[in-house]
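Engineer: As listed in TrEMBL for this protein:
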- C121: active site, proton donor (ACT_SITE)
- K27, N28: phosphoenolpyruvate binding site (BINDING)
- R97, R126, P127, V128, D129, L130, D314, V336: UDP-N-acetyl-alpha-D-glucosamine binding site (BINDING)
- 16-414: domain 'Enolpyruvate transferase' (DOMAIN)
- C121: 2-(S-cysteinyl)pyruvic acid O-phosphothioketal (MOD_RES)
Amino acid sequence: MSDVLPPVLEIVGRIPLQGEVRISGAKNSALVILTGTLLCGEDCHIRNVPRLMDVESMMEILTFFGLKIQRQGDTLDVDARHITQSSAPYELVSKLRASFFAIGPLLARLGVARVPLPGGCAIGARPVDLHVRGLREMGAHVHIEHGVVHAVVPGSSRRLKGAKIYLDFPSVGATETLMMAATLAEGDTTIENAAQEPEVVDLANFCRAMGAKIRGAGTNTIQIVGVPRLHAVDWSIVPDRIEAGTFLVAGAITQSEISIFPVVPDHLTAVVAKLEEMGHRIVQDGLNRLRIVPTDCPQAVDIETLPFPGFPTDMQAQFLALMTLAEGNSVVTETVFENRMRHVAELKRMGANIRLRGNNALISGVPLLSGAPVMSSDLRASAALVLAGLAAEGKTLVQGLHHLDRGYDRLDRKLQGLGAQIRRLETPEELAHIPQLALKEI
Ligand code: EPU
């Protein structure tokens with residue numbers, strides 16, 4: 001066993017922040033667009049790719065499939081001419097659920113794909129039945145054996161057939177998998193009750209830039225007319241609305257005026273509405289810049305997570321942290337994932353007054369949180385703990401940083417740029433006196 005201790009984020013709270021933050025490309029767009037390069041028989045030039053562990057893991061998986069990828073700064077050059085593998089190894093897929101989405105483009109391009117079931121993760125069981133059902137409707141023979149999904153397109157053409165697909169739930173991943181699969185299918189596909197998230201639209205636009213025929217992305221009905229092949233593309237990933245929302249909450253929780261740029265304001269409607277309902281002002285300075293002008297008397301508001309354009313589940317933990325310091329009582333309800341409340345116990349260790357009733361958190365605002373050693377349970381939970389630490393009295397030590405590094409592009413450095421007192425403790429000397437926490441099993 002390695003005796004290298006994992007890094008810890010030390011935050012000294014109650015320091016006012018100020019300035020502007022540059023928002024990176026969207027994690028969930030970048031990941032699925034990277035799987036989308038499997039559809040292309042030529043070169044893909046992808047800009048504004050965030051620096052994240054999840055992107056590194058996705059690059060590792062695509063390289064395993066035979067793609068050649070080079071990174072220069074925030075740009076990735078992907079040569080997708082030759083796919084040499086149609087099976088993904090479990091060690092790689094289990095690191096990153098989004099890699100399962102590769103099953104759609106692999107099947108569309110090669111007529112065969114073997115991808116292990118990703119399994120559950122910290123926030124829920126996360127089945128892939130909707131992906132599998134849709135691929136079957138497009139003519140694939142799919143069976144699951146020893147934890148691996150085996151999919152084959154019968155017939156000599158090896159092309160999937162267009163189909164009319166209804167999703168029981170507007171799953172982001174299933175919409176993306178099936179939309180990618182349909183781009184190279186024979187005939188027309190309609191996806192009803194499709195996810196409308198901006199990342200689905202970014203993927204659709206990326207595929208269209210390669211020559212795919214897709215209409216309706218961003219609505220609940222997406223229509224795709226299959227084409228035989230797709231061509232080279234130069235694409236820039238949309239700004240990350242969840243990173244943007246996290247910085248707006250950083251402004252709100254520290255009562256600091258912060259500008260975020262670049263953003264697509266329409267992607268943040270629900271988040272902005274809830275901040276305004278609390279009493280904060282969100283000012284749009286130009287096309288793609290937002291500024292929070294915080295109130296010093298934030299009111300508690302209720303939140304329920306929903307598929308887009310509803311309030312995003314990926315902002316639930318950060319808002320829950322914000323509500324712990326608001327005036328009055330609020331209810332935060334998680335409806336998308338069944339187990340996405342593990343940050344509650346850690347926030348309570350910082351003095352928050354929260355009662356958990358299933359997937360409802362009943363919060364009574366307190367005047368102050370107090371810094372404490374806390375443990376991250378998943379990506380957005382780790383962001384919530386950082387935000388709470390920024391507002392808490394004294395020092396907060398956030399552990400489990402691998403979660404944060406999976407999905408936030410240098411969050412600590414960006415916060416430092418706003419004046420936060422936040423630093424990574426990494427050396428044995430720095431870590432010597434830090435209690436090593438373990439997340440309690442449930
Ligand atoms: N679901 C099914 N069957 C399926 C697919 C989904 O029952 O075949 C259920 C899930 O179990 C879940 C719900 O549907 O309860 C929503 O899942 P969805 O498929 O929409 O989520 P996803 O595609 O797995 C993406 C993001 C998540 C984000 C969700 C919801 C990526 C790589 N991940 O996941 O991002 O929370 O959409 O918006 O795009 C994050 O960034 O922190 C994150 C978890």
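A Cβ is built for glycine as well, from the same backbone N, Cα and C atoms used for every other residue.
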Engineer: Can you count the other CB atoms that lie within 10 A of the CB of P127 (UDP-N-acetyl-alpha-D-glucosamine binding site)?
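Structural biologist: Its Cβ has 13 other Cβ atoms within 10 Å.
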Engineer: For V128 (UDP-N-acetyl-alpha-D-glucosamine binding site), just count the other CB atoms lying within 10 A of its CB, please.
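Structural biologist: 22, counting other Cβ atoms within 10 Å of V128 (UDP-N-acetyl-alpha-D-glucosamine binding site).
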Engineer: Please compare the binding-site residues N28, R126, L130, D314, V336 by how many other CB atoms fall within 10 Å of each one's CB, and tell me which has the fewest.
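Structural biologist: Ranked by other Cβ atoms within 10 Å, the binding-site residues N28, R126, L130, D314, V336 bottom out at R126.
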Engineer: Look up L130 (UDP-N-acetyl-alpha-D-glucosamine binding site) in the DSSP assignment and reduce it to helix, strand or coil.
Structural biologist: helix
Engineer: So what sits near the residue listed as 'active site, proton donor' in its own chain, CB-to-CB under 8 Å and at least six residues off in sequence?
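Structural biologist: The answer is R97, D378.
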Engineer: Quick one: of the binding-site residues R126, P127, L130, D314, V336, which has its CA closest to the CA of K27 (phosphoenolpyruvate binding site)?
Structural biologist: D314
Engineer: Do any of the recorded positions C121, L130, D314, V336 touch ligand 1, in the sense that the CB is under 6 Å from one of its atoms?
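Structural biologist: If the test is a Cβ under 6 Å from any atom of ligand 1, the answer is L130, D314, V336.
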